[in-house]
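Student: Here it is: the structure, laid out below.
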Amino acid sequence: MLYLSEADNWNRKPNSQSTYLNPRSSTSSPPKEATMRKRTLYVWGVAILCFVVLMIVTPAIPQSQEYHNFADQREFFGIPNMLNVISNFPFLVIGVIGLVLCFYKNYFKFSLQGELWGWTCFFIGVAAVGVGSSYYHLDPNDARLVWDRLPMTIAFTSIMAIFIIERIDEQKGTISIIPLLLAGVVSILYWRFFDDLRPYAVVQFVPCIVIPLMAILLPPMYTHSTYWLWAAAFYLLAKVEEAEDKVIYKWTHHIVSGHTLKHLCAAMVPVFLTLMLAKRTTETNRISLLKTWKVSWTKVNENGTRVESGEYVYTSVQSEDSH
């Protein structure tokens, strides 16, 4: 691995021939490294403690068999639940495309080795969702649901590792890929053997909260960070459509169900992330979205007449030393 100075590293745009770079300085002092290790252990300790407390104070969440009773159960061309089956096809397409582009002449211009591993796991998970979810919807039951949820946990946990790599620390993020993937697999096995969805719920919903917050609060390594928020918005919309499966099916006069729309909206998540990877470049001025968003305001009189308007930008400015 090639190590450059921090300034050269961030100002250099990776290309298809470049060696993967480390955005952190390679010469950290021992006291600083010890402090970082202690902080990391503290964070993991708090996270594990919170999970243990959650498992103690909350009741088990069994898998409801009503979950398998989807609104649209029509059969077309000999395929049961056809629309819920074929609406998973976009996952397979975008997953394969993303996986190919990860290794095609460094098309996504990854500057870190850990990024390649993380995004590879993500796109494998996305492609597997297309297969596993289709298999489940052909004959919905708990045994097949495992193959629907397992690929999703791979995608969720991979994204968490990617964020740690890009916005916190490359080494810690790369090391976390395997433990996070294992945590996702264990959550599925725990549900299957103990009929308790709590660990799976944590694996699924914690990234939904943490990722948008990290995208807003932490300085990005690359441009086009707003694509993360678009992806999060479409996933939230997908969850709403899933919850309102039968209502949407009724509203559309039995044309399309909420669960079918949920698949299509959820497939927009990897679409946005793939577009982000294709368009982004290395961010030379690392400022969080929170500090760059423009905020506008308008002063209004009591009678409703607008009298003043303006806007400002959160940003950081370095002051020059006076001589």
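We count from 1, first residue shown onward.
Every residue, even glycine, has its Cβ placed from backbone N, Cα and C.
Just so you know, TrEMBL annotations are computer predictions that nobody has curated.
The region 'Disordered' feature in TrEMBL is assigned to 14-33. Marked as compositional bias 'Polar residues' by TrEMBL: 14-30. The transmembrane segment annotation in TrEMBL covers 41-62, 82-104, 116-138, 175-194, 200-218, 260-278. The Zn(2+) binding site annotation in TrEMBL covers HIS137.
Can you tell me where each of these features sits in the structure?
Tutor: Long-range contacts of the transmembrane segment (41-62) within the same chain, counting only residues at least 6 positions beyond its ends with a Cβ under 8 Å from a Cβ of the stretch, are 194-199, 201-202.
Sequence-distant contacts of the transmembrane segment (82-104), counting only residues of its own chain at least 6 positions beyond either end whose CB sits under 8 Å from a CB of the stretch, comprise 70, 72, 74-76, 110, 116, 119-120, 122-131, 133-134, 137-138, 256-257, 259-260, 263-264, 266-267, 270-271, 273-274, 277-278.
A Cβ distance under 8 Å defines the sequence-distant neighbours of the transmembrane segment (116-138), meaning residues of its chain 6+ beyond its ends; these are 20, 70, 79-81, 84-86, 88-96, 98-99, 102-103, 108, 110, 144-145, 147-148, 150-156, 158-159, 161-162, 165, 173-174, 177, 181, 263, 270, 273, 277.
Around HIS137 (Zn(2+) binding site), the C-beta neighbours below 8 angstroms that are at least 6 residues distant in the chain are PHE70, ASN81, ASN84, VAL85, ASN88, ASP148.
For the transmembrane segment (175-194), same-chain residues at least 6 beyond its ends with a Cβ under 8 Å from one of its own Cβ atoms are 60, 63, 114, 117-118, 121, 142, 146, 149-150, 153-154, 156-158, 160-161, 164, 200, 202-203.
Counting residues 6+ beyond its ends, the transmembrane segment (260-278) has Cβ neighbours under 8 Å at 72, 83-84, 87-88, 90-91, 94-95, 97-98, 101, 107-108, 119, 122-123, 126, 133, 155, 224, 227-228, 230-231, 234-235, 237-239, 241-242, 245, 248 in the same chain.
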Student: Quickly jot the same-chain residues contacting the transmembrane segment (200-218) by Cβ under 8 Å, restricted to those at least six beyond its ends, or write none.
Tutor: 51, 54, 61, 149, 152-153, 156-157, 159-160, 163, 167-168, 183-184, 187-188, 190-191, 225, 228-229, 232, 235-236, 288-290
